Each structure stands twice: as structure tokens, then as C-alpha cells.
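Peer 1: Got a structure here, written out as C-alpha cells. Questions coming.
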């Protein structure tokens, strides 16, 4: 049907007859000469039909060309010629195709939007097949395709085995909410769609496969946002007989190589490492964006003698924190804007946001200055490094809560004051706490997942005695404030796994019912093993330069968890429900 792609026609083909196929991007009738921009997945080439040529066929061609509409599907035969007016904006701009035949393969109905428009997201998702024709969307999808291909090449080259794991599996409700599938042949029982292949890949290590990977589809029934979908894709990896450093060194090299191959992006030769504690202290986040040159500064020692109750209460509390954030040139903020920052931090748990504004010329404006002696307040600002023209914000209260809202403030200030540099800043965050205490549930929860090994603790009694302070062998790869990969060294001894389940409030009977197959596998000579999973959607979005992963997923769901193109989810007939032994119940208002 075609001999060449539109976007690959060049000067080497001048004088040759070619057959092309594609869509009508633009059709222009300029007084007897018709110009058609014919588009396929490789690009655009200009097709010319001149009614003034001494050829009966040309007048017929001109009639066809004159009647074309946007997105009509064509087959064109013609001769490649040098173009008189070169178009440097397209790669085929030095040539054109003088048409000798045009066949309309399919007429397009009037479009809800044109390929060169950028309509609202709902209409784009409803007509996703039209949205994906847009050059920008084609570019982003190709970025994703190249990313996956490059990852596969690298892993295949290093002896990893691509092994599929089940999509219909057992519900293990320890993370997000599962998607459940009724088991028709087992009335009243359900499969679950996998939130990750975590347990299967560990069992593959027990089975002796040594190096595993999979481009895995994962499913989590959770609230959606710009960087989260109900179904998503991850590069899942696992290694036998490795330490944390073995895993990190390998995937660091892989990510450096893939970023350069896919997008020409040069990442640091060695990624810096930062403990979870340091990341929270300096940046108020376990996924710090190092492009923003702002840090939180602990000032508890300098405010302890003040009479400002929020500060002194935080200093007196064993888990309290008083932190400051200096924003260079931030004194331009009005009182209204400062109040907006306070309202913003309130979303993250702040009960107030103190400040000190150092005018370029004049006095310091601060509602908390009266609670300090003049020398003490000057010493506080000096310790922070505040200069004329700056503003300093203060947060006080529970350590984790202060870290969270001051970290959020740091990110917002970085954006608002254009402090984010245009580079790539990867790092490893390590030494996460093994557990978090859930006040509401009155029990420990795993910070990573229940299968992560504790660090520097081999004795079960020691783990029980130091559960609050125990660190895990977990690690995250962070890039520009995004967690792009997370992994750990796993528990490979069944008695340690049982102890962790116990600390998480999972009884022996529950552990056997939910994870008995894993505990059994660990009994039969499980090797030390570890791994990592990378978010393909998130990495593709970063490389493509978009803030929403929906742009790099061919058929994403809306934030309302719907597919507007197929109208999913949809109702099911009573007959189908009966076959799978399910009765639906609408929620009460």
C-alpha cells in the first residue's frame, strides 16, 4: 500500500516515484494549485497538485484534492521533487511530492477538535484516538516506547530473565485496596489483581532464577491524581545473593545509560546517598528535590528562651521541632500572600506559620519579634543566614508534622520564586524506619512493606525490643523530587518474617491464611535476595517533560476513575452477575 513513510522523504529520493499513505493534516487551495500536508507516524511531507498542468488527469486530481477535509485518509502516488520554497520547520522541508494519483481510503467526519489544537482534558480522553494523533502526544508515547525498549535491552544484556507472574492472584490486603475478581468456579471466593508482583518475584528467587525482571501491570484501587492511576506499569526486578549496594550500583548504571540513550540526558556519575533522617531534617521530605537550593534549619536551641508558647512547647516536647526556612528576596510578599502561604501549609497540618520579613531598607517586620530580646532575635536571624530582602518562615510542633508542612512550603516557594534549576538531580534515600506507629490503629505499620529486612538486626528478640527505632534495608531512588524507584533487601528467614508479621499486629493464623505460601517457600532454603521496582509511567513523564502521567499512558483513567472513551466502568446485566454468583448493593445515601 506504500513504499515509503511521509516523514522520511528526502533529497536522495528526488526523481523517484513513491507511494505514500497517511492523514490529511492540512489541505490548501491557492488558486489552481493544491498543497496537501500528508502525515503519518514519521512526520509530514507536502503533496502538490497543479490544475494548470497540461494533463487531463491533473484536473481530476485537483477536484479530489480540493474536496479534502482534515484527517481524510489518503493513498498518494507521485514523484519526489526539490521544493522551491524550503520549509525549515519540518524535516522533509526541502522536497515535495508531485501527485500523479490520489485515492481516498476513508473520509473523516467533522472533528470535535483539530490535531493542532489543545482542548480540555475530558474531550481529549473521550476522543483519545484523535488526541493521540497530535504531534506532542505522539512524541510522548514514543518516549515511553523507547524507554521500555532501552530498559529491556540493558537487562537482557546483563542476564536478567523476563518472567511473567499471575494477574489473577490472592488478595493480601496489607497495602492499598485490592481490585477483586469473582471466581465463577468457586462461588463466594475472589481473585485479586496484583498491586505488584512482590511475593511472586521473591518466590522466583527461592526457585533459583537468580535475576528476574518484568514490565509488570499493577492495580491499586486508590484515589487518583496527576501522578497516580488505578492501573500502572512498573519495571520489576529481583536479584539473589545481593547487598543493597549491589542493587543500587547496578540500577544506577542502568538509569544513567537509559536516560542518555532515550533522551540524551547526562546524569551524575555517582548518585549521592542520603539517609531518611537527613532528608526529613534538611528538606522535610523523603523524596527531596535537590534542584531547589533551600533547606530547613533547626532552631530549637535559639528559641528555647523566648516567650512564644508554640516555640517553647515544641522545644519541651521530646518529639517536637522548630524549623526555619529562609526565602531569598522573599520580603516582596504582601501580608495577603503570607496569609495564603499559611493557608497552604495548613493543608499539611500546620496550625500557624510565623515569619520575619527583612525589608531591603528599613526595619524587620515580624509578629513574633516581641517574644524575644533584641539580641536573641538578631542571633536567631543570623544563625539562619537571613539577609535584607529575605523572608523567614517558622514552623513548630510535632517533628514529623513540621517536617511535612515546611517541606511542602519549601517546594511551593521554589516554584513561586523560580528557584528550581533546569537540571537533573538524582539521589538515593536510605535507612528508612522499619516501622511507623499508627496512633489511630494503635499498632505498627511497615514504612515500605512487610517483607523488607531490618538493618543490622538478625536477632528476633532485639527487633522486638527496638521496634520503634529499628531501621530497614529499604532504599528509594529519587529524581527531581519524584520517587522513581523503590526497593529493599528482603527477609529470607521464615522466623524473622513471622516476627515482623507479629509486630505489625498480624496474628499467626492471619499470617498463615494470607502469606502461608511465602512462609512455606522461605522454609526451603531461600537465598538472601533483594530488588527494586521503577515506575515506568512516572519516568516517562519526567523524560517527556509533562507533569501528568496521563500524557504518557495511551488510555488512562480520569481522576474520577473513568475511561471516557469506552465509558468504563459500566453496569453488568443480572444474567452476568448471576453467573459469577454476585449480588450488587448500592451504597446508602
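The backbone N, Cα and C atoms fix where each Cβ goes, glycine too.
As annotated in Swiss-Prot:
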- 174, 220, 448, 490: L-aspartate binding site (BINDING)
- 198-201: region 'Aspartate' (REGION)
- 220, 221, 222, 229, 483, 535, 536, 537, 538: ATP binding site (BINDING)
Peer 1: What whole-number distance in angstrom separates the two most remote CA atoms of the ATP-binding residues 220, 221, 222, 229, 483, 535, 536, 537, 538?
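Peer 2: 20 Å is the greatest Cα spacing among the residues binding ATP.
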Peer 1: Name the residues of the same chain, 6+ apart in sequence, whose Cβ is under 8 Å from the Cβ of residue 536 (ATP binding site)?
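Peer 2: Non-local contacts for residue 536 (ATP binding site): 144, 147, 148, 215, 232, 233, 234, 235.
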Peer 1: Could you tell me which three-state DSSP class residue 538 (ATP binding site) falls into?
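Peer 2: The residue in question, residue 538 (ATP binding site), is helix (DSSP, three-state).
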Peer 1: DSSP on residue 448 (L-aspartate binding site), three-state: which is it?
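Peer 2: Coil, per DSSP.
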Peer 1: Starting from the Cβ of residue 222 (ATP binding site), draw a 10 Å sphere and report how many other Cβ atoms land inside it.
Peer 2: 14
Peer 1: Select the closest residue to residue 538 (ATP binding site) from the following binding-site residues, measuring between CA atoms: 220, 448, 490.
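Peer 2: Closest candidate to residue 538 (ATP binding site), judged by Cα separation, is 220.
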Peer 1: So what sits near residue 448 (L-aspartate binding site) in its own chain, CB-to-CB under 8 Å and at least six residues off in sequence?
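Peer 2: Within the chain, residue 448 (L-aspartate binding site) has Cβ neighbours under 8 Å at 432, 472, 474, 486, 488.
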Peer 1: Give me the Cα-Cα distance between residue 222 (ATP binding site) and residue 490 (L-aspartate binding site), rounded to a whole Å.
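Peer 2: Cα to Cα, residue 222 (ATP binding site) and residue 490 (L-aspartate binding site) are separated by 25 Å.
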Peer 1: So if I measure Cβ to Cβ from residue 220 (L-aspartate binding site) and keep only same-chain residues at least 6 apart in sequence, which ones fall under 8 Å?
Peer 2: 175, 176, 177, 179, 195, 230, 232
Peer 1: Give me the DSSP three-state residue breakdown of the region 'Aspartate' (198-201), ordered helix, strand, coil.
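Peer 2: Tallying H, G and I as helix, E and B as strand, the rest coil: 4 helix, 0 strand, 0 coil.
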Peer 1: C-alpha of residue 490 (L-aspartate binding site) to C-alpha of residue 483 (ATP binding site): distance in Å?
Peer 2: 20
Peer 1: Provide the number of Cβ atoms within 10 Å of the Cβ of residue 490 (L-aspartate binding site), excluding the reference atom itself.
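Peer 2: The answer is 23.
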Peer 1: Which residues of the same chain, at least 6 positions away in sequence, have a Cβ lying under 8 Å from the Cβ of residue 483 (ATP binding site)?
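Peer 2: The list for residue 483 (ATP binding site) reads 286, 287, 476, 477, 535, 538, given in order along the sequence.
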